[in-house]
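Annotation source TrEMBL lists domain 'SSD' at 205-336, 544-683. Annotation source TrEMBL lists region 'Disordered' at 696-719. If you look up TrEMBL, you'll see 12-30, 182-199, 206-226, 238-261, 282-308, 314-343, 369-389, 525-544, 551-575, 581-603, 633-652, 658-678 marked as transmembrane segment.
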Amino acid sequence: MFARLARFVVRHPWWTIVAWLVAAGLIITLSPKLSTESDQGDFLPSKYESVQAAKIAQKAFPQQEDTSSIVVVKRSDGGKITPADTRVIDKAAASLNAHKPATVLNFLTGPQLVAPNKAVQVISVPMKGTDQAAGEKQGDAVKEIRKQLPGLLKAGGLEAKVGGDVAGFVDNEDSFNKSFEIVGIATFVLIIGLILVIFRAPIAAVLPIVVIMLTMQVAMGLIGTASKLFNFSGDDSLSTIILIVLFGIGADYYLFVMFRFRERLRAGEDKKTAMINAVERVGEVISSAAAAIAVTFLVLLLATFGVFSAWGPALAISVVTMGITSLTLFPAIVSLLGTAVFWPSKAWKKQPKERVSGAIGRGVGRHPAVAALAAGGVMVVLAIGALGFKSDYDFAAGFPQDTESAQATKDMERGFPPGLTQPVQVFIKSDNGQPVGKQAIAEFSKKAETAPGVGRVNPAEPGKNGVVRVDLVLKKNPASNDAISLVKNDLAPAVHKIEPPGTRAYVGGQTAIFADINAVNNRDLSVILPVAAVLIALILGLLLRSVVAPIYLVVAVLLGFASTLGSAVYVFQYAQGKEGVIFQLPIILYLFVLAIGTDYNILMTARLREEAKEGHSPREAASRAVRHGGPTVAAAGLILAGTFSVMLLAPVSMLKQMGFSVAMGIALSAFVMSTFLVPGITAMLGHRAWWPGHGDEPEKKLGRPDPMQDQYVGTGYPS
C-alpha cells in the first residue's frame, strides 16, 4: 500500500502539491471556526453541585456580576482607617459612580467594607460581560479607574490599588504576551537551529516549519467543521495545544522521512527511487504511530470534564492530518528538490561514524539486563514521586507578584479574610418555590458563621423565584488545596446540615467548582489511562503481530508517564516548596508524553524487528537497532524536548511547569526508555518477544549483499 502511494506521489509531485493547496484553500476558506468557552465550570457535568448552583444563579440573579474588581484603600502613613477617611472613600465611590463605564454595574462601599482592624477599606466593582469584547472594555475600565483614584484620594492622605479578577488579567496580560512571544520566537529558532545542525541545510530546516503551519490551518478548518457536525467546543487553550502537538509530531515524522531518504541517496539511488523507498519503509511506522496517537487522543472522549473531551476529537483530527501530510506533501516537495534540499552541505554523501550511538548499542547488546535494569530503576525512582502529587488551582500565585493587582490582594488580606473576592456562594431554594422566610435565612447565616473555615458571612441577597444567596468568605486562600478540600469535605456537608427546613442549599462559587474539577480529574484519569493502554497495546499488537512485545511496551510508556509526573513533583513541590503542580499537568503529560513516548517506541521496535529479520541474534539486533535507530530517536527527542524547554524562559509559573515536565518526559522517552529499556528487554526476551506471530524470523541469510539492508542509518547528528 505504501509503495503504491509513494510511487504516485513521487511520479506526480506537482499534482500532489496542487491538489493539497486547492484542498487546503477550500477547507480553510469554507470551514467554520471552532467555538470556544472560557469558564471552567461550563465544562463540568450537570450532576455536580457547583454546576447546579451556577444554573440557579443565572435564573435567580440575572444581573449578578460576571466578574469583578476591587479597590483596596489604605492610609499613606500606614495608620488605621478613620470615619473621616470613610467619608472621603464614600465620596470617591460616588464620584466614580457618576461617570461609571458601561461595563461597570456599580461602585459599592461603606462602613460594612471597612476591615475589622481598620487596616483597609474596600470598594467593590462588579462588572457585566464574559465575551472577548466585554473583557476588553472591562480592562479599559480598570485602567481608567486607576487614573482617577489618585486625584480622588490623595488629598485625604489615602492611596489605593485596584485588584480582583479583571485587574489581575490586565496586569498579567503583559506577562502572558511576553511569555508567548519568548516561547514562540525561541521555538522557531530552536527547531530551525537544531535541524540546521542535523542537516546543515537551510531549506531542510525551513521546510517543516512552512508545511506544519499549513497543516495546522487545514486541521483547524476540519476541526471547525467537525465541531458543527458533532456539537463540541473547545477552550481558549486548544489552538495552542494543537500547534504544539503538530510541531512535535510533524518534526518527528519529517525527520523519519528525511533520514530514510538520505540513507537511500547514500546507497546510490536517484532522488525519485530514494523517496519511493523511503516512504515505503517509514509508511508503516508513521501510520501506526499516528493511529496510536489519534486513538490515544480519542480516548479523551471518555472524560467527563468537557475541556478534555473536546480536546480528543480535535487533536485526533490534527494528528491524522499531519500523518497524511508526512506521507504525501513532504515527499512530493522533497522529491522535486532532490539533493538540493541539503544545499549547501555535502555531508549527506558521507556515512557518519556513529561513535556514541555505536558504543551505546554495543553496551546494550552485550549487557541487555544491565541496560534494562538501570533504565527501569531510574524511571521507577522518579515515578515514586508521583505518589506525592497534589493539584494546584492558584493561578494568581504563578504570576509576577510585583503587579498592582497582586499588591492589592496583599493589602486586602491585612484586614480581610483571603476569600473576600471569591466567596463560597450558597443558594437557598425552597422546595415549594415560595420565598424563604427572613427569619430562616437569619438563623442560617448565624449558624454559618461557625461553619468550618468561614471567616465572614455577607448579608443575604434575595433573588428571583424565591432564591436567596448567602456568601461565605473563607479564612483560607480560596484557590488553595486546603480550601478546596475544606469546601468539599467539611463546609458543604455542614451547610447542608443547617439548611432551613423545607429548603435545599446549593454550594457554588469558584472554590466549589475547583473541588468538583478535582473530583472529575481523578475520575477521568482512572478511566482514560487504562483504556488508552489497552488500545495502544492492540495497535502495537497489529503492527508487530505479537502479544508479548505490546505488553512491556505499554508498561514502559505508563512508567514514563509516572516518572515524568514524579519528576515534576520532586522539582516543584519538594525542591521549590510549592503547594502543588498545575491541575492540568497529568492530562498534558498524557497528551505529550504518553502519546509521543509511544511514537518513539514504535520507531525503535520496528527497527529491532527489522534487524532481527536480517538474521541477527537478539543481542546483535538490539545493538544494531540502537546504533542505527538511536540517533533518529535522539534527534527527534532533542528537537521536541528543546521546544518545550524554552517555556522555562517564561515569567509565568504555569508555563514553566508545563515546559519542564513535558521536556523531561520527552527526554526520558527518547534517551532512557527507547534507547536502553525497550532494546534491553527485547534482547533479553529474544525470539519470545515476538510471540505468537514471530515477525522477527529472518527473511534472508546474512552476508547476501543488499543495498537496502538498513532500515535507518545515522542522522548525521553528532554521535
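The backbone N, Cα and C atoms fix where each Cβ goes, and this holds for glycine too.
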>> Can you tell me which parts of the same chain pack against the transmembrane segment (658-678), counting only residues 6+ beyond its ends and a CB-CB cutoff under 8 A?
In response: 183, 360, 364, 371-372, 374-376, 378-379, 382, 552-553, 556-557, 559-561, 563-565, 567-568, 571-572, 581-582, 585, 588-589, 592-593, 596-597, 600-601, 603-605, 608, 626, 630, 633-634, 636-638, 640-642, 644-648, 650
> Counting Cβ pairs under 8 Å to the transmembrane segment (551-575), which of 206-226, 369-389, 525-544, 633-652 comes out on top?
Replying inline: 369-389
>> Looking at the domain 'SSD' (205-336) alone, can you tell me the average pLDDT?
In response: 85
> Using DSSP, what's the helix, strand and coil tally for the domain 'SSD' (544-683)?
Replying inline: 121 helix, 3 strand, 16 coil
>> Should anything in the same chain at least six residues away from the transmembrane segment (12-30) have a Cβ under 8 Å from its Cβ atoms, list it; otherwise answer none.
In response: 214, 217-218, 220-222, 225, 328-329, 332-333, 335-336
>> What residues elsewhere in the chain lie close to the transmembrane segment (369-389), defined as a C-beta under 8 angstroms and at least 6 residues from its ends?
In response: 363, 559-560, 562-570, 573-574, 580-581, 586, 668, 672-673, 675-677, 679-681, 684
>> Treating G and I as helix alongside H, and B as strand alongside E, what does DSSP give for the domain 'SSD' (205-336) in helix, strand and coil?
In response: 117 helix, 2 strand, 13 coil
> Can you say which of 182-199, 206-226, 314-343 has the most Cβ pairs under 8 Å with the transmembrane segment (238-261)?
Replying inline: 314-343
> Which stretch from 182-199, 206-226, 282-308 shares the most C-beta pairs under 8 Å with the transmembrane segment (314-343)?
Replying inline: 206-226
